[in-house]
Structure formats: structure tokens, C-alpha cells
Amino acid sequence: MVDAMDMLRTYLSGVRIPGPTNRIFKHECCVSFDTPKSEGGLYVDMSSFLAFGKDFVLWNYEKTRHPVYLHIKQTKKVVAEDRPSKKPTILAIGVEGGFGSSEPDYEESYNIVILPDYASLPFPSVDLPEKVRLAVDAIILAEGAEKKEQVAAWVAEKHVSAYAMCLPQIESSTVIPPSGWKCAKCDKTENLWLNLTDGMILCGRKNWDGTGGNNHAVEHYNETKYPLAVKLGTITADLEAADVFSYAEDESVIDPLLPKHLAHFGIDFSSLQKTEMTTAERELDQNTNFDWNRLQESADALQPIFGPGYTGLVNLGNSCYLAATMQVAFTTQAFISRYYANQSLKSSFDAAPADPTVDLNMQLTKLGHGLLSGRYSIPSSEKQEGIPPRMFKTVIAASHPEFSTMRQQDALEFFLHLLEQVERVNAGNTKLDPSRNFKFGIEDRIQCPSGKVTYNRRYDYILSLNIPLHAATNKDQLEAFQKLKSQAESEGKDLAAAEVVRPRVPLEACLASYSSPEEVMDFFSTALKAKTTATKTTGLTSFPDYLVLHMRKFVMEDGWVPKKLDVYIDVPDIIDISHMRSKGLLPGEELLPESAGDVEAESARLVADEQIVSQLLSMGFGQLPCEKAAIYTSNAGVEEAMNWLLSHMDDPDINDPISHTSQNAVASVDQSHVDTLVSFGFQEDVARKALMATGGDIEKATDWIFNSPDAISTSHMDTSSSGATSADNELPDGSGRYRLLGFVSHMGTSTHCGHYVAHIYKEGKWVLYNDEKVGASVNPPKDMGYLYFFERLTDC
């Protein structure tokens, strides 16, 4: 039998020593939620630095033929019960190392393992080849990619300093030593900052409790106005981690020329070691005494549930919007089939690229198996631990900068982003795409006083509903409450929470409001050849397998001040929306004639709004360009007109008469943007018109189509009696009867703060999913939902 050491020497060329820029995974398996604490520990590939659990490491060997692994096993230490609470190390709530975390101490053991025979060599050992020892030391000392990305997301987003690119540096013979620093104005040897202009080493700011520095660095800036300083002790080979502060901008910044600025003072950053906390890390240290328990929901009365489908998701720090949404998504058969029942971890891993952590299908499969298998939901005497969706969050947020932060986000926006990304990665294989089970067609029917009609069709994943407060069913109680409230306010008293009465609006009223006729002002009728008031009704051309209703609880008051409606929605378990199906062109209906010409002809019928023109003139634009901007945006508003102006100021014919500009305006639209809008379900002529009206901005063009009556007046969709297009035929369709599957609730004054939880009806009972906690819900607050998920009832 070949000796393990001889085998290691044979494979030595494949072992890599990680550098500062390498992503090293050592806290979590790439295809499961196994960790070093798991029974089999974790195996780190010493070539790719990817980590795998005991049941999955052989898959990686078969795929890559990488034989050498560092095996990490963590074993819980036995500690005294009266041991003081562990100090947080991550700026997060309820996550490992964060506030509210009671994670016990673990001791780690290491071995070098050679596959496929699992030959093992102990580490540390002087008998191991030097290359292996260096590689293992680097892996152990490095911050894992999982944690590094999480901590980086918590640090306030840095921007490149406005002073970095042209920072003056005074010629000096001063050479900064690699250690032994001291403040030039006092005896401080910690919290020292090197001014990048003159090389002065000075102490930092004094903390509120008297600790820290003596303010000498900031005082030096006030005297010299030299703006940038770097904290000594944070400079290492990984310069991205260096703490650079701009006193002029009063925040931590990025200095792209930091290597050059350091070299000016003879600093070789590649040989320096980290000895100081960064500003963000010190912020952690100063917040450890804050009582975060007051911010956490008590779960004393919650009866925990364990087993397949009852696995919680660890809060990574304001990630409750993701947790609540994904729990409901993986209750639908669409996601269960695609990423669990019909998709094994092995097949997903085999189909994934070399780095499975960046593959959305792999990470969705990993998440699906983690939530549904029951592997990580086993009764414990301690607590429900849940699984941390770190890798999934990283990959789903890659194309959306907001979701990559640790700030709270809107669950609706995240759900729509999820479906868009799922549709993208499953393009070309609609049978596998779970997003199509949520997609449906919407048709607007507009009738002008001539009796003639026009249709506009689009597609969506959610039905967004206004809440008609006038339809409240408890008006008498509301009236009495308002009197009581007025009386209390006049007496300077506050009402008890139990005395507050909120409007109760039936869901049926919200659905009726969506499909009820509404007036469209200033509609240009091609039949009457004039602007008039038309009537618009909206219906659905198809009914999805899963109907998602969004309650518009957040509205804008005067002055664009956001307000959350304090209202209850009475939601039945069964709803029927059959009456909302659009019937398309009916027998005897006559379509409005096509527009007499293109955008130029319609523009000729428009007169520039004097108020818009006046405001644009006050900004310094010329008279004729201002008139064109108003006309070519259909007098939609000053912002739209200004956007059009800014994108057309360089047109050679910007000052030509209006009748000569139409052809150039249409030609200036980016065809790729047109194609994008067409893929959303809009007609090409409408897409062109919208893009021209909004300066080529796709998002604004979409809003313009929905809100501009002129966008609809020239759009004629398929007007067959069935009201369906070939695209509709590809979407699921069926009965309009649905059963409530689950709902996501929000607590807080804004979608970007507060907390999200999910309630799901599963196996004959309501279950609460509150981050990692999963338990039986005694009284599910169905009237407080923000997003409601309905599942179609199969036809009897």
C-alpha cells in the first residue's frame, strides 16, 4: 500500500498557496449547508479552495480530479454555565458572531486528506512538505469568503474619494518604518493615522467615553486641509481592507492610488501584517453593550416544528425579506419540482461551472434541498438553528446592487427580481422554468365616446391592488374612533393600543377596484381626431398556477411623503377571479382606426404645454428645443421633457422646425431597448414612442406606457375573440378559483425598515416562518398581509 506521505508528494504540484485575492471557502459546503461543525466536518479543496461536506467531497474529486484536501472539524468546547456572554464580532443581528448570538466556543482540528482513498495526515506536522504547510497556514489564517462577503456588506458602502486622484504629496526624506509607530504629538501608540500628504503620524479621535486617541489627526487636517489618511495597522497585502479616511468628506473612502501614495513614504505594503481594527470593526466594539434583545421577537409561546419543509433561514442581517419570500416560494410545486423533487444536488453540481457558488441554479437547488429535505431541521435541546442562505444571497444579488447590501429591502421587489433571474437562467427551457407558473397576461380595453375600442396587452408576475378605504365594512366603528381620538388629542392624552380602530376592507373590494371602469383623460381618439375622455377596463388574459396579490399599503401623500396605510384586509381562504378574465374583441365591437401617421403626425396635433416650456426656459434651454421636448413627451411633465432634452441636445436638428424632427427622433431610439420592452409584452410602436418620450430610459419608458393614455391609443394587440396570443398559449391557464397558500407580512413604517415574516398553510395547519424560527401559528394574522400567495384549485 502506498504511503500517505508519498501520495501527497505525488500530488504536490496541484496544491496551491492562496494569495490575498483568492476566495477561500472554509465555513460552508458549496452544495449543502454542512459546516466544520457537521458530523463529517468540511473538506477544503487545496487547489480551488472550495469546501465540501463529507457526503459531497467525492463528487468534486470525480469532477475535477483534485485529490488533496484540508479537513476541518470543529468540536464544541465544554464550558462553565456561568461563563459571560460571547462578544460580537460581526455587525449583524442574530447571526453567528453577531448581536444576540449565543454561539458556543469550538476547538478546531485539521488533517490533510488524500482522495479517493481518504488517506490522512495530521496537521500541524513538521514532516509535511513546506508548500503544504504554507498553504494550510494561509487557509486557516484567511477570512473565509462566506464571512468576508457578509462583513463587507455590513460596512457602509465606500466611494472613491474626490481627493485621491490628484492628492498632493510633499517631497520628504521621511521613511515610515514597518512597526514601532508613535503619535508625533503625544505618546499614543495605537489608533494611529498616516497623513498621505505630508507623512505625519497622528492619533485618531477621542471616543465618547474618553478612550481612543487625542484628536491630533483631525486637528492636523483642520490646520493643513490635507484630506486623506490611512490607519496604520490595517495595511496588508490586501489593500482593499486598508482603512482610508477622508477628513474633507468625513467618511471612509477608497483610494485607488493607495500603493503609489504609500510608496512615496517607502512603505512596502506586501510585508505588513494587520494589527489594528478598522473603523467599522471598532464600531462593533463600541456597540457590544447595546441591548439588542429588545429588538428581537420573543418566541416563548411558539411551538417549534421540525422536519422536512420546516427548516428556518438564518437572518444574515436585515435579510428577513429574503427569508420570508423564499419560504413561500419553496412551498409552491413549481419551485419544489424544479429545485428539489426533480433536481438532485449531484446533477446540479455536475452541470454547474467550475465555481458552483456563482451558479444560480446550483444555489437554488442547494437552498431547496436545505429547506425541504429535513436534513437541517432536527429536534434539538438547544434551539432551532436554521440554515444561512449566504451563497444564494450573493449570487441572486450579483445583478442587483441593493440586494447585495445588508439594508432592509422590499419583499415585493425581491420576489420580482427572483422570478426575473429564474426566467433568465432557464431561458430556452420553459418546461423547467418555475417563474412561468406565476406569469399571466393583462389586457386594457379602452373605449372612446365614438363607441370604438382599442386594446393593450402586457405580462406580469403579480397583481398589484389599490386598497379602497371607502369600502371599509366597519365605518360606524371608525367614526366613533375618530371622535374618541379627537377628544383625546384635545385633552393631550394618548389612546391605548387596544382602543385603536383600523379600517377593514374586504379583498373582494380590492379586486373589484382593479377591474372596475376608470376614466382616461386627454385620450386622443383616432376616430374623433381629437382628445376626449375614454373609459378603460382591465382584465386578465390568462390565470396563473400561482396568483400573487400585492397590497398597495404604501402610498405617497402631498409633497411625495411616503405613508403606510394602517388598514386590515379581510382575506378569505378561497377566492374566485373568473369574472376578471378579459374577453378580447367582442362581436359587434369596432376597433379604433390606426393612427393617421407616425409620431410626427401625432406630434403635429399636440401643442406644447406652456407651463412645461416656461420651466424648461428658466433652466436655460432654448425656446424651440423646449417646445419639442414638451411635444415629444406628450406633455407628460417637466422631468420627462428635461430627460428628452438632455438626450437630444446634441442632435444636429435640435433647432429645426418640429415637423422635420420626427424621423430623426424615431431613428435615435436604441433598438436593443426597443427589443427589451417588446419582450415585456408591449407593441414595438408603443415601445419606440415610450423610449423617445423618456430619453431612452427603459424603466421610465415602462412607467410612461402604463400612465400615458396616448401610449395605448395607437396599440392594437391580437383582437381575436379568444383574446389570447401565442405568448398567452405558452402560459399556464385554467380555473379562476384559488386557495390561500401563504402570505408575507411586514411590520414597520416603510418597506425598507421593519421586519418581514411568512405564514404558510402546510399539511392542514398554519405555520409561522420567522427567520430561523419555525412554529405552529395559532392565530395567523391573515388581515395584515403585504403579499398574498394563492394556489389554483384543480377543476373538479
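Every residue number used here counts from 1 along the chain in the order it is shown.
Cβ coordinates are placed from backbone N, Cα and C, and glycine is handled just like the others.
Summarising the annotation, TrEMBL assigns active site, nucleophile to C320. In the shown protein chains, 27 other C-beta atoms lie within 10 A of the C-beta of C320 (active site, nucleophile).
Using a 10 Å Cβ-Cβ cutoff, H755 (active site, proton acceptor) registers 19 neighbours. Among the features that TrEMBL reports, active site, proton acceptor is placed at H755.
Sequence annotations record features per position, and here TrEMBL assigns Zn(2+) binding site to C183, C186, C203, H216. Listed in sequence order, C183, A184, K185, C186, K188, L202, C203 are the same-chain residues six or more apart from H216 (Zn(2+) binding site) with CB atoms under 8 A from its CB.
For 159-269, the entry in TrEMBL reads domain 'UBP-type'.
As annotated by TrEMBL, domain 'USP' applies to 311-793. Mean model confidence of the domain 'USP' (311-793) amounts to 82 (pLDDT, 0 to 100 scale).
Helix, strand and coil residue tallies for the domain 'UBA' (607-648), in that order: 30 helix, 0 strand, 12 coil [DSSP]. What TrEMBL lists as domain 'UBA' is 607-648 (among others).
If you look up TrEMBL, you'll see 668-708 (among others) marked as domain 'UBA'.
C320 (active site, nucleophile) sits 6 Å from H755 (active site, proton acceptor), counting Cα to Cα. Surrounding the centroid of the Cβ atoms of C183, C186, C203, H216, where the record places Zn(2+), the chain contributes additional residues within 8 Å, namely A184, K185, D187, K188, L192, L202, G213, N214, A217. Neighbour counts were taken as the number of other C-beta atoms within 10 angstroms of each residue's C-beta; across the binding-site residues C183, C186, C203, the minimum falls on C186.
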